[in-house]
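See below for the structure under consideration.
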Amino acid sequence: MFKRRPASLPRDAPPTPRPPGPPRLADRLLNWLVAPHLREDLLGDLHEVYRKQVEEVGPDQARRFYWWQTITYLRPLIIKRKAAQPNEYPPPFLLSPAMIRNYVKIAWRNLVHAKSFSLINGFGLALGLASALLIFVVVHHETSYDQYHKNGDRMYRVETVNVRNSEAHAGTYTEMTAVLRNEVPEIERVVPIYRASGQSLAVPQESKSFKEPIAFTENGLFALLDYEWSSGDARTALLRPNQVVLTESYAQKFFGTTDAVGKTVLLGDDINLSVAGVLKDHPANTNFPFDVLVSLPTLKRISPDYDTHGWGGFGDNYQVYTLLRQGIRPEQLTKRFHGIQVKYQKDPETIKNQHFVLNSLAQLHYGYNFSGRQANVNLLNILSLIGAFVLLIACINFMNLTTAKALRRAKEIGIRKAVGSNRLALIYQFMTEAGLLISIATLLALLLAWVMLPSAANLMGLPLKTSDLFSWQAGAFVVLLVVLTTLLAGTYPAFRLSGMPPIWALKSNKLPQAGGSITFRQGLVVVQFTVSMILISSTLFINRQLSLFKNANLGFNQNAIITVGLPNNDPGKLQTLRSQLVASPQIKDVSFSFNSPSAESNWMQGIQYRNGTDPIEIRTQMKMVDAHFLETYGIQLIAGDAFREGDTLPKFIANEVFLKRLGIDRPEKAIGQMVYFGDSQESAPIIGVVKTFHVNSLHQGIDPTLMQVVPKHFHQAGIKLATENLSAETLNATLSTIETVWKATFPNKVFSYEFLDETLAQAYQNETRTAQLIETATLVAILIACLGLFGLATFAAESRTKEIGVRKVLGASVASIVALLSKDFLKPVLVAMLLAAPIAWYGVSEWLKNFEYKINIDWWVFAVAGAFAIMVALLTVSFQSIRAALMNPVKSLRTE
């Protein structure tokens, strides 16, 4: 039976008001100051007295009495102190082994439960970590050259600097060696090294012949560099003429054994070299990879005049290395070098436009060196930036996907907080999940790096090995990478998710806007696509610059020409070789010269023009050529005469740049003008002028150039092939013909050749590698960014499932729903396009400063990069958007 309401109480009467509670501030003060074990009883008594006071004397007087009681209770025995009895149920230590096991167990369950999230996030992180690790291995290798020599910090190379263009030449004058030894006491040791490429070596008793680069040097080299000896004596090796020191691999190659001391190697046609020692093979990271070292006096028999140029000329093949005394810095020798110039060079113009510097051993790998390849500082910087960018994009993916996934875990977080979990415990839990996923991604990254290492080594042209991935430096880097990535990628989601209010977490189905989480995620997407569009734009500009290099008119013909290094300069044999080669219908012409029209190693000579009161001194590139050089290479003669067969008197053919430096405005005026070798009286007339052609790579401008017939300096043959009906079969037949003629002329010399266009292309290897690296990085960055965008689109579609269902029931089309879901992701991409353009413009303009000949920075390239990024983003997002739009609305609304 239901009880009836009292008749005196109207049905619409308001409820009886609750009496006012005690002062909140007083309660807070007591909660803060009173000891925990007394707090509950004390507050209970005070509240009971307060309620009686309200009934008897009213709320105002009760509140005053409550405050008075609060103040009187603040006594030493009541104020906070350690409880006399320990807490029977102390809170667990959050980093105890049991708690850590619990964190890991729950983290693993969450990762397994959210397979798609784990796959997208883990693979993106693995790609980023693998890229960063491979880049670290490359950069570490390039910066580790010759770091193991004990005196490396005191070892320097003497370099000759051209003041006009600030270009430092690795070589110097042969006279410098004796001057430094005799006149500079701050230098402890001076060692010259002369490198001769493509020298013929033979072991007659083994019937073996080879063509190898040779380094001519002195015994002092073994005091500078820490070579390991297999056999022989470092104190006596290379002290006498006709001595050679080999590495173990070359001793095995020549004699089939490393026990080679005392055996004989034939250099050229008639120089017997005695093996004085065998060295352990050099490490890969050295700028002195000499497998054949020959005593310097032996060089006189091959090139009798290599040291007769005095202070008139030098080449990069002759380099001088010094060991400074303890406590001496290279800056202290600046005045010494200037004094040497004044004393020996004498010519004021040369002294003004040239000076000498010391370059440290640590910096040799970034310039011309004997290893055959130089590290490019810009390329290493670009690599490091790419690694940082790719890793940043991967970390942004992690943060974006983790915070977007918060909706699925909202109730879990709310329940944890409702049952007493504090924020620190939640932070530990989320950081454990981040660390676990990153650790798994790191293992996958190591596997990916191991798989990709051969491709990276091939791309960079480096001798990288699997052991480089597992060196202690790489291990330390991986540990640092895991820690930094966990902090960078895990900290924000951990603090963001642990800060969710429990009421919201249990009731809401939207991410709270406090802190601007959606805006923050969109900002991270902007960063991702800004980096991606910078890389896309850079790729387009670098490929355009490479196209300029490939298609530029160099002023001479480079196609269908092969070059062959000559073993000696016997004029009779060279003429025999030429006459037999041009007899073949597949060969158009043959020319002998010091080098190709455009070459890395050039002969620079001081030339004077004395047509006025003040002579004009010009640093000039010298080309030693024969009478067929212009015709073979297609160089255009615009005034005067070409060289003729049998010319013996000295005469020059100049290029237009040389005339411009002399102040001669018309080529015809130059014919017959006399020019002098430095400040000597030796002179020769200009008999012809050729149209300007590129004597250097397109990185540099065109040097003033003189051509002269000097047969003793012919080191290369250029063979022009007939291009009519040229096919792979005819090319092979032609090469066989050339080799047959070669062996008939030089029976003991190895025949090896190069195509001129391929040799010239090697000058742009750094740019080609840069383009390939940025292309690869662009693909990786876009892939990671799209993985993240795909994940965000997936979570966005899931969080709006009911909204999409309602819209479809109300008649919304698939296209409108796709547009609705896609627009939020395209806006950040458009913002990224605006940010990327000026950054990419600045970077490309700085890069182009390295080239004398360069492309223009056109606006449409940025538009193409932006359009491509928008298209990729649209395709990525549209897949999930279309899938969500096609879903049956009944499935999303059946629980409503």
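Cβ coordinates are placed from backbone N, Cα and C, and glycine is handled just like the others.
The following features are taken from TrEMBL:
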type: COMPBIAS; residues: 12-23; note: compositional bias 'Pro residues'
type: DOMAIN; residues: 118-336; note: domain 'MacB-like periplasmic core'
type: DOMAIN; residues: 385-502; note: domain 'ABC3 transporter permease C-terminal'
type: DOMAIN; residues: 778-889; note: domain 'ABC3 transporter permease C-terminal'
type: REGION; residues: 1-23; note: region 'Disordered'
type: TRANSMEM; residues: 119-139; note: transmembrane segment
type: TRANSMEM; residues: 379-403; note: transmembrane segment
type: TRANSMEM; residues: 424-452; note: transmembrane segment
type: TRANSMEM; residues: 472-497; note: transmembrane segment
type: TRANSMEM; residues: 518-542; note: transmembrane segment
type: TRANSMEM; residues: 777-797; note: transmembrane segment
type: TRANSMEM; residues: 825-844; note: transmembrane segment
type: TRANSMEM; residues: 859-879; note: transmembrane segment
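Beyond the transmembrane segment (472-497), the same-chain residues lying 6 or more positions past its ends with a Cβ under 8 Å from any Cβ of the stretch are 125, 129, 132-133, 136-137, 140, 391, 394-395, 398-399, 402-403, 406, 409, 413, 426-427, 430-431, 433-435, 438-439, 442, 446, 515, 517. Distant neighbours of the transmembrane segment (119-139): 380, 383-384, 386-388, 390-391, 393-395, 397-398, 401-402, 437-438, 440-442, 444-446, 448-449, 452-453, 456, 460, 462, 464, 468-469, 474, 477-478, 481, 485, 489, 777, 780, 783-784, 787-788, 790-791; these residues of the same chain sit at least 6 beyond its ends, with a Cβ under 8 Å from one of its Cβ atoms. Note on the domain 'ABC3 transporter permease C-terminal' (778-889): DSSP counts are 94 helix, 0 strand, 18 coil. Counting residues of the domain 'ABC3 transporter permease C-terminal' (385-502) by DSSP class, helix then strand then coil, yields 104 helix, 0 strand, 14 coil. Looking at the domain 'MacB-like periplasmic core' (118-336) alone, the prediction's average pLDDT is 87.
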